[in-house]
Structure formats: structure tokens, C-alpha cells
Amino acid sequence: MDDRMVDQALHSEETSFELSLRPTMLKQYIGQSSIKNNLEVFIKAAKLREEPLDHVLLFGPPGLGKTTLSNIIANEMNVNIRTVSGPSLDRPGDLAAILSGLQPGDVLFIDEIHRLSSTVEEVLYSAMEDFFIDIIIGKGDEARSIRIDLPPFTLVGATTRAGSLTGPLRDRFGVHLRLEYYNENDLKEIIIRTAEVLNTKIDDESATELAKRSRGTPRVANRLLKRVRDFQQVNEDEQIYIETTKQALQLLQVDAEGLDYIDHKMMRCIINQYDGGPVGLDTIAVSIGEERITIEDVYEPFLIQKGFIERTPRGRKATAFAYEHFKNFNK
């Protein structure tokens, strides 16, 4: 699967770019007002008690700000943060080494926490609940268990698949926060802020247009802005104008609803090849040359959310809204 302009996942070359745009405190964070309000209370209460914040589970689609929020939590609590990904923790010893290096109150951020192995996850149980871990030293008859006490800390776990977490792990988080897709007003505000960080001027109409096509995701909004800025600079315009924005988005193949060429390919398959469906995912996968799991996890969710596809017992079916949007397919 090639990197897409509207892909919600982080592209490998975008890490430093995203870091430069991330807000560092809650007051700078745009959107997710319910989460912000709750975190403000939880953090203030923890600081008044002089205790670490309860363990926090952040879940929701990619690109909505889970990593940013984890860093904001550490900044607001005025503590250090250690960041790891679930798949990188192969053995219990890997996690034990990280936990034993934490200072009192520190934040441990585990991204993709749903991908922890069961043996590593079990080490977390006592660490989260009672702040100790048991490590087995030696093998066979000489094996013995050593208890290591840990300083109180805050675990922040992030996942796009909250349903994949085991009950015992999920229940050990005191704070559960679901990140929702952003509305266009919040995305527009993010785009204007990013333009300022990039020292780029953008007109109001362009910011609105980019927000409409960003699939409710700040990461997509910032990526599109960065590419439109390329067109503006090559054109030697003093700012990003709506004409340049529309031209750039057309060339980037991102339509008015935020759909790209792969979305179009999939919808064309359902509408034209299979008369709007219903058609099974395996059949769609073969027809467009993609894996079923990629369609199910990456392409399909946004199309369902936007009302282009509906799930039926017999397969996927194009909606009336989809026919209206793609009415020029056969012309």
C-alpha cells in the first residue's frame, strides 16, 4: 500500500514535521473539548494531592492527537515522559528495564498498547496496580523470583483498537478517553495555526476548503496544507489563495469529500462492476488488488462514516449518497 495523502497513519518522513507542530500544553490544544475539560480537572486534582495522575487510556482512530496528548499530560504534570511502542517490547525484561528507570511521577507512554505480547502485558498488571514487578532470575532449579519496587508513575496507553485490549489490562486504567473525529471549525483553526508555525499566509476560503477535505483528522489537514504550500511557493504567490488550493487538491486527487484515488477505485468497483452491491469484501479485494484486511481496517471505515457504503449481511452496498457523489462515473 502506497502512502496516501489522506492516510491517517503517520508517514515515516513526517515525524520531525509533526513534532514541530505539536502543542505542548492543554491551553494550546485545539478540539476534543470534552477530553480537555476532563483532563484539566484530573491533572489539577492529582497535583493538589501531590500524586501521579491515574493511568490513562487514549483510544480512537489514528492521527487525532493521542501522542500529542500524552506529551501534554507529562508537561502539565511537570514530569518526564518515556515513549515506547507495544511491538518493540519483545520480552518482560525489556519492560522491566524501562519501568525500573522511571522517576517518581513520570509518564510511560506505550503506543499501540493492544500489540503487547501476553507475557509483557502480565508484567504490567502489578506495575500498574501496586507499583512493583516480579522478575525471574536464572533457569530450572536455580530460578528464583526477585521483587522490584517501582516509584509511582502514570501509564498512558494509546490504541486504535480498544476492543482488542484484554479486560484485565483495560480495567487497570483509571481514565478512559475516546478521541473523536474533528469538526471542520476545529480543523480550520488547526490549519491556520499550522500555517503560522510554517510562516505561511493562507486566506480564509483556503483554510475552509482544506478543513472540508481533511477527513476529520489534523494529521491529514497538516499534510494537505504542506503540499498546497508547495504550489503556492512555486507560483510565487504572497499567500495561499483558494485558486491555488483547489488546483493543488485536484492534482493531489483529493475530492470535495476528502476521498482519494483509492476510495474512488473502491467505489467504482462496487457501483460499476457490481451494480452497487451488495458485494463481499473478498470480491472487492480481488477486484481492486488489495488485501481484505487493508480494505477493512484502512479504506472502508471512512467510507462508512461518511455514508458512502453500508454493511449488509450479504456484503457492502453503495448508498444513494454514493451514487449522487459518483454520478459522473459512467459519463
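Just so you know, the numbers here start at 1 and follow the chain as drawn.
Cβ coordinates come from backbone N, Cα and C, glycine included.
As annotated by Swiss-Prot, region 'Large ATPase domain (RuvB-L)' applies to 1-182, with the evidence given as sequence analysis.
Listed in sequence order, Arg172 are the same-chain residues at least 6 apart in sequence whose CB falls under 8 Å from the CB of Glu129 (ATP binding site). The DSSP secondary structure for Glu129 (ATP binding site) is helix. The ATP binding site annotation in Swiss-Prot covers Leu21, Arg22, Gly63, Lys66, Thr67, Thr68, Glu129, Asp130, Phe131, Arg172, Tyr182, Arg219, and the record cites sequence analysis as its basis.
DSSP assigns Thr67 (ATP binding site) to a helix. What Swiss-Prot lists as Mg(2+) binding site is Thr67, and the listing cites sequence analysis.
According to Swiss-Prot, the feature region 'Small ATPAse domain (RuvB-S)' maps to 183-253.
Taken from Swiss-Prot, the feature region 'Head domain (RuvB-H)' covers 256-331, and the record attributes it to sequence analysis. Looking at the region 'Head domain (RuvB-H)' (256-331) alone, the prediction's average pLDDT is 90.
For Arg292, Arg311, Arg316, the entry in Swiss-Prot reads DNA binding site. Within 10 Å of the C-beta of Arg292 (DNA binding site) we count 14 further C-beta atoms, all protein chains included.
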Non-site residues, in chain order, whose CB comes within 8 A of the mean position of the CB atoms of Arg292, Arg311, Arg316 at DNA: Gly280, Leu281, Ile284, Ile295, Glu296, Glu300, Ile309, Gly315
Neighbouring C-beta atoms (10 Å sphere around the C-beta of Arg311 (DNA binding site)): 12
Largest separation between Cα atoms (Å) of residues that the record links to ATP, namely Leu21, Arg22, Gly63, Lys66, Thr67, Thr68, Glu129, Asp130, Phe131, Arg172, Tyr182, Arg219: 37
Neighbouring C-beta atoms (10 Å sphere around the C-beta of Arg316 (DNA binding site)): 25
